[in-house]
Amino acid sequence: MRPQILLLLALLTLGLAAQRQDKVPCKMVDKKVSCQGLGLLQVPSVLPPDTETLDLSGNQLRSILASPLGFYTALRHLDLSTNEISFLQPGAFQALTHLEHLSLAHNRLAMATALSAGGLGPLPRVTSLDLSGNSLYSGLLERLLGEAPSLHTLSLAENSLTRLTRHTFRDMPVLEQLDLHSNVLMDIEDGAFEGLPRLTHLNLSRNSLTCISDFSLQQLRVLDLSCNSIEAFQTASQPQAEFQLTWLDLRENKLLHFPDLAALPRLIYLNLSNNLIRLPTGPPQDSKGIHAPSEGWSALPLSTPSWNASARPLSQLLNLDLSYNEIELIPDSFLEHLTSLCFLNLSRNCLRTFEARRSGSLPCLMLLDLSHNALETLELGARALGSLRTLLLQGNALRDLPPYTFANLASLQRLNLQGNRVSPCGGPDEPGPSGCVAFSGITSLHSLSLVDNEIELLRAGAFLHTPLTELDLSSNPGLEVATGALGGLEASLEVLALQGNGLTVLQVDLPCFICLKRLNLAENRLSHLPAWTQAVSLEVLDLRNNSFSLLPGSAMGGLETSLRRLYLQGNPLSCCGNGWLAAQLHQGRVDVDATQDLICRFSSQEEVSLSHVRPEDCEKGGLKNINLIIILTFILVSAILLTTLATCCCVRRQKFNQQYKA
């Protein structure tokens, strides 16, 4: 009898436990439990004991106690982020012997009650720890961090750390990734990272560092120093081993010169944008070096670097960003050693000239951004830049270039010349005036922008034998497009823009461009289009701010199967006679922009929304017009008859008077 009673009690206990679990609002899937954003004040005590993943983020937890957290000994992932935790009971995580990932981000660990003896305590199997956003300061951090022999990733971002010492990181022998971004770090003591022999990724961005003069982390592969106040960067003078650094970010600092990178031969990514760099450069002649404010990485005065020596070891560099600096000149000797470079950004500098004349110069370069400088001259050698695919030159002052400047670039696919003063030559039979640039015969070029170049005449054959797919000739007021100017593009052109040119007549046989998908003719003075009588590929047609009153079906019929979007605002559209357009609106085959606000006019000059026009409105208008014509015709015929009758009467009266006198 007694065993039966015990069994009954056990079943009742399990039933009550199951009933209590059913009342918990957390979501449970397999061994994963999510209690995110439920307003909980404490860790639930009725969850399955075999839970491996527990998400308690976004609640109102203020303290973490060993019980009931210790009940869930199978936990591997524990997320306690975005709470109000200010108290950690000693040994709170001691029972979680399988815990691998722990997040305490965005809590209140900096409050005094979080500093109970032992801090976090030992975390023997934790590989990922997030303590970001807790207002932690340097002294507190050393007391909070415990032994973590398996830790690979540690985030201390968005805290209040001002200094790193040789005691900050200890008992973390396998740490690989350390995130310290968005603190207030001003000093890094010598040996601060000596206890991290496997550290490969270090993020120190958005701090208050002013100088790096003794960088000695040979094992590091990725270093982010962006958004500080660094004036100089220099490696240790006698490193114990070869540096492994491949990724270095120094953007948004106060660098005055190109850093000395002679000891970093493996570097493949270098970002120096948004600094004060000039080439060639260095400290003023009377300078004795730039001194750091304290010991450590910033301990020694910096020697004046040589830009030539700095560039020489960068033979493996793939990406170099020097945008937003004060560079006025790029010496040839600086570029000649960058034999692996694929991406070079020199935009937003003070360049007036750029030269790459040497044979084999920058052989691997695929993208060159020289936009928004003050370039007046551009000299590219016949065998230079052999791999260049994208050349960005917008926002410069280029004019009177050598005619074959771009024809020599054998791999060029995309060219942006917006905002210059470049005039295209014509085809072989019409070369054009002195100073024009040839765009014909560039067999690799697919995309060309000549926006805002003050082009007056686009000559016949300007792009002959150049298989362009995108051509933008917008914002050239007064542009005259000669007959045959776009000849040769009929089988390749997909995007054509002629916006804002003041065109009254379009001397382009558009229906012949069988691949054309996007056509922009906005902000001109056009009133007629060529007739598309056969099916084409056009999907988007922009006719805004022109002089169109009618879009007859006889001209637009060929677009019915392909056209998807039509822009018509700003045209004096007629409400009647636009049967094709009305059909598109009512059938929904074409997305006409802002149909509720698209205005049209009746013959009486009455303006209404085009979408509100009904067929009978035009029929009434037609009947009114017919009646008016009939009345006018009757009046005219009556006037003619009366005039004729009066004339006959006058003639007969004259004859009668003559006979009477006789």
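Here the Cβ of each residue, glycine as well, is placed from N, Cα and C on the backbone.
According to Swiss-Prot, the topological domain 'Extracellular' annotation covers 18-625, on the basis of sequence analysis. The repeat 'LRR 1' annotation in Swiss-Prot covers 50-73 and rests on sequence analysis. The annotation repeat 'LRR 2' is assigned in Swiss-Prot to 74-95 on the grounds of sequence analysis. What Swiss-Prot lists as repeat 'LRR 3' is 98-119, and the listing cites sequence analysis. The repeat 'LRR 4' annotation in Swiss-Prot covers 125-145, and the record cites sequence analysis as its basis. Positions annotated as repeat 'LRR 6' by Swiss-Prot, on the basis of sequence analysis: 174-195. Marked as repeat 'LRR 7' by Swiss-Prot on the basis of sequence analysis: 198-219. Annotation source Swiss-Prot lists N-linked glycosylation site at N203, N271, N308, N345, N545. Look at Swiss-Prot and you will find 244-265 tagged as repeat 'LRR 9', backed by sequence analysis. Summarising the annotation, Swiss-Prot assigns repeat 'LRR 10' to 266-286 and lists sequence analysis as the type of evidence. Here Swiss-Prot flags 316-339 as repeat 'LRR 11', drawing on sequence analysis. Among the features that Swiss-Prot reports, repeat 'LRR 12' is placed at 340-361. Residues annotated as repeat 'LRR 19' in Swiss-Prot, with sequence analysis given as evidence: 515-536. According to Swiss-Prot, the feature repeat 'LRR 20' maps to 537-558. Look at Swiss-Prot and you will find 571-620 tagged as domain 'LRRCT'. Here Swiss-Prot flags 647-662 as topological domain 'Cytoplasmic'.
All features noted in Swiss-Prot, drawn onto the structure.
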residue : record                      : Cβ contacts under 8 Å, 6 or more apart
N203    : N-linked glycosylation site : A157, L178, D179, L180, H181, D224
N271    : N-linked glycosylation site : S226, L248, D249, L250, R251, N319, D321
N345    : N-linked glycosylation site : S273, L320, D321, L322, S323, L367, D369
N545    : N-linked glycosylation site : A522, E523, N524, Q569, G570, N571
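In this structure, N545 (N-linked glycosylation site) belongs to neither helix nor strand by DSSP; it is coil. For the recorded site, N203 (N-linked glycosylation site), the DSSP three-state label reads strand. Residues 469, 474, 491-506, 508-509, 542-549, 551, 554-559, 561-562, 567 of the same chain sit 6 or more residues outside the repeat 'LRR 19' (515-536) yet have a Cβ under 8 Å from a Cβ within it.
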